[in-house]
């Protein structure tokens, strides 16, 4: 009466023992009823064989009552099984609650060891590092794009220079076509040569000007 109150675990063990004891009692009673039922059936057959209708009827009534008792016994056995499962479910619930309490204590200890300010600092540092990484990636991509654009510009400049030089060569060829051959100079050829000299100088000056413009690109 004044002893220590049993813990929930001890109470569960005691309840399980009680249920197991009750189940054993029910099983013993069920076996006894089965034996009685078999005996009644044999006696009924004997009474019918000797045409003892009254005895057969009385034994049949007893058999009906016995079978009803067996039904009640089966129901009681099912209830004991349900109680057993209920106790097991309560044990599982209690174990879950205990685990949750332990986890709660662990989380509380972790939160105490790592204040909110520290968590904020860690999150901020992570965000800064991620931003810096993104910026570096963008810079690398921009540098690669610029390099590819420069290569494209160089190819375009080379094409323009080749076209211009081809045009200059054509101009020079056309101007050289007006130069006389190495024939003995005459008054007419001297006059023509004096007129062709400015043309060659003009072509050379034009070529120098184009090259200077290309060099300034």
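Start at 1 and count along the chain as shown; that gives each residue its number.
Any Cβ shown, glycine's included, is placed from N, Cα and C.
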Of 148-175, 176-203, the range TrEMBL labels region 'Disordered'
176-203
When you scan the chain for residues with a C-beta under 8 Å from the region 'Disordered' (1-30), skipping those not six or more beyond its ends, what do you find?
70, 73-74, 76-77, 80-81, 83-84, 87, 90-91, 94
For the region 'Disordered' (1-30), what does DSSP give as the number of helix, strand and coil residues?
23 helix, 0 strand, 7 coil
